[in-house]
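I am attaching a structure below and will ask some questions about it afterwards.
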Amino acid sequence: MRYHAGDYDVIIVGAGHAGCEAGLAAARMGCKTLVLTLNLDNIALMPCNPAVGGPAKSHLVKEIDALGGQMGLTTDLAAIQMRMLNTGKGPAVYALRAQADKVKYQQLMKKNLETQENLDVKQLLVEEILVKNGRVTGVATQIGAEFSARAVVVTTGTYLKGRIIIGNVHFPGGPNSQFPSVNLSENLRSLGLELGRFKTGTPARVDRRTIDFTKMTIQPGDEEVHNFSYISPVTQREQVPCWLTYTTEKTHEIIRENLHRSPLYSGIIEGVGPRYCPSIEDKIVRFADKPQHQIFVEPEGLHTYEMYVQGMSTSLPPDVQLKMYRTIPGMENVSIMRPAYAIEYDYIVPTQLRTTLETKEIIGLYAAGQINGTSGYEEAAAQGIMAGINAALQVQEKDPFYLSRSEAYIGVLIDDLVVKGTNEPYRLMTARAEYRLLLRQDNADHRLTQKGYNIGLVSQVRYDHYMNKWQSISKEMERLKTIVIPANEETNKVLKSLESSEITQNTPFINLLRRPEIKYNTLAGLSDHFLDLPQEVIEEVEIEVKYEGYIKKQLAQVERFEKLEGRILNIDIDYEMIKGLSLEARQKLKKFKPTSIGQASRISGVSPADISVLLIWLEQERRKIAGGDA
């Protein structure tokens, strides 16, 4: 028997990384919000690797933080190791990665949800999204409780019809053998949504007391203090190392001998797996010529013996898992605490979503996270904050909020999903962004904090910090134009030590700083006019000066891009009536319903010639309207 259990503005179904950000965003924007989860103990669960960040992913975390989200702050508090990756490359691809104490991360995020004003958290299984006349009205739960809402965000992760697979054993389940969500999957289908099936997996967790670390290469954290959040204090934290080892020919031999027992090759697994995070058996088959593969052994936290074996994801039977793990140098006597497994799950085909992450067919129904076909905590959290923001704005009857490809990696992620779709678990990479130099992890606050403040998500404390920082950067950039470095013996001695050409006349500091080998602090001692500035200000000044020419070029590219994005296409256009479009273009445009010429140009099968036809048609329509007005 069903009963009415409460009224809310926004309801979030699921409390993983997408659900947490969605719930916090909606509540912080003033909406009465409810987060429903299968298990209160699994809020912000990290069922796979105990880490946050890495290439492109760190950019997402920084952008979430800049908008007023929580992931960066919580990671900084739960981190047990921090490393800046890609420092040998340009700043566009610098990437911060944190090893996190996964239990501490969960506890901190759970507390954030429980103490957030306007937010309730309840342990209930949602089985039905309630819809009336094409508009969402609430949700119904397994025990009969119904909650009304003007917007619902579905963030169910890998729980939709989840199936755990270990060897020839398979059973319904979510991550870490939790309950799956079965009926909700069928309910979404009944609402007219097209679902697909994906697969992912995770390696075994092993007992650190049974590992010989002397046979592995230590991977320590950086001595320099790093943070994901722009407002986290710059303080030293306790750090623990990770370890590097490799598979061997014996490892590969055991895997090859047991491929017939692999669900991946026996037909038990039907879902498509992630291209950029393949299982170890898939790697051995696809890269048969490689004699070894990297394996990273990572701590799951400070208060557990469990170690995560990155690079050894598998669904092979437990006896095979133990045999192959024991062929890894340093793991000859290893004990497995939790076996590796694969998980299959349903996902929503993301081309059914708008850029706001609202479904095209049902008003007020949003989806975010792995349910949209992505992989990764960071991708999920990024979608979560955007869906939460837009759900709140819809309730408040305000204009929707979205980010373009030229504004944020979040914009790249969402645009890829809703325009191109995905036929495998989607992972964001820096290579997917056209304007990488503009979308650096260091300047996410400059790009997004004002936007977050305008919609009511960024706090005054965060906003004041942002304003002070960027005012300092702007002032220092102007000030440096007035500082001149003398052409004397002391200066040239420093330049020579840096293998930089000497100067024969007094030179503006800003000109010297443009040289790749010159750092701000290197020359600071050559003048009496330097200030004691925060490191984040100095780093930003350096980047802006050194890459000024490249930045200007990308800004010009963005201007051209935005012209195409500004040419709006109504979703009710009858493409059959537009002469000159190819058959494939008509089919794709009808299916995906792009909202701009820019979006249309990124759909596979829509050629430059088709775009020209659309531009001509738009101009003809504009003239018709103008003529009618006259």
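Note: Cβ is positioned from N, Cα and C throughout, glycine not excepted.
What Swiss-Prot records for Gly14, Ala15, Gly16, His17, Ala18, Gly19, Val126, Ser181, Gln370 is FAD binding site. Annotation source Swiss-Prot lists NAD(+) binding site at 273-287, citing sequence analysis.
Thinking about packing and proximity, how do these listed features fit into the structure?
Taking the Cβ of Gly16 (FAD binding site) as reference, residues of its chain lying under 8 Å away and at least six apart in sequence are, in sequence order, Ala44, Leu45, Thr155, Gly157, Gly369, Gln370, Ala380.
For Val285 (NAD(+) binding site), the number of other Cβ atoms no farther than 10 Å from its own Cβ, over all displayed protein chains, is 17.
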Look at the binding-site residues Arg275, Lys283 and tell me which residue has the greatest number of other C-beta atoms within 10 angstroms of its C-beta.
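That would be Lys283, with the highest Cβ count within 10 Å.
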Roughly how many angstrom lie between the C-alpha atoms of Cys277 (NAD(+) binding site) and Gly14 (FAD binding site)?
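Pair distance, Cα basis, whole Å: 24 Å.
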Among the binding-site residues Ala18, Val126, Cys277, which residue has its Cβ surrounded by the fewest other Cβ atoms within 10 Å?
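Among the binding-site residues Ala18, Val126, Cys277, the lowest count of other Cβ atoms within 10 Å belongs to Cys277.
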Any same-chain residues 6+ apart from Gly273 (NAD(+) binding site) with CB under 8 Å of its CB? Would you list them in sequence order, or say none?
Phe198, Lys199, Thr200, Gly201, Leu264, Ser279, Asp282, Ala342, Glu424, Pro425
Measuring CB to CB from Glu281 (NAD(+) binding site), give everything in the same chain under 8 Å that is also at least six residues away in sequence.
Ile255, Leu259, Ser262, Leu264, Tyr265, Thr314, Ser315, Leu316
Max CA to CA distance in Å over the FAD-binding set Gly14, Ala15, Gly16, His17, Ala18, Gly19, Val126, Ser181, Gln370?
18
Given the binding-site residues Arg275, Lys283, Val285, Phe287, state which is nearest to Gly14 (FAD binding site) when distance is taken between Cα atoms.
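Closest by Cα distance to Gly14 (FAD binding site) among the binding-site residues Arg275, Lys283, Val285, Phe287: Arg275.
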What same-chain residues, at least 6 away in sequence, bring their CB to under 8 Å of the CB of Phe287 (NAD(+) binding site)?
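Non-local contacts for Phe287 (NAD(+) binding site): His293.
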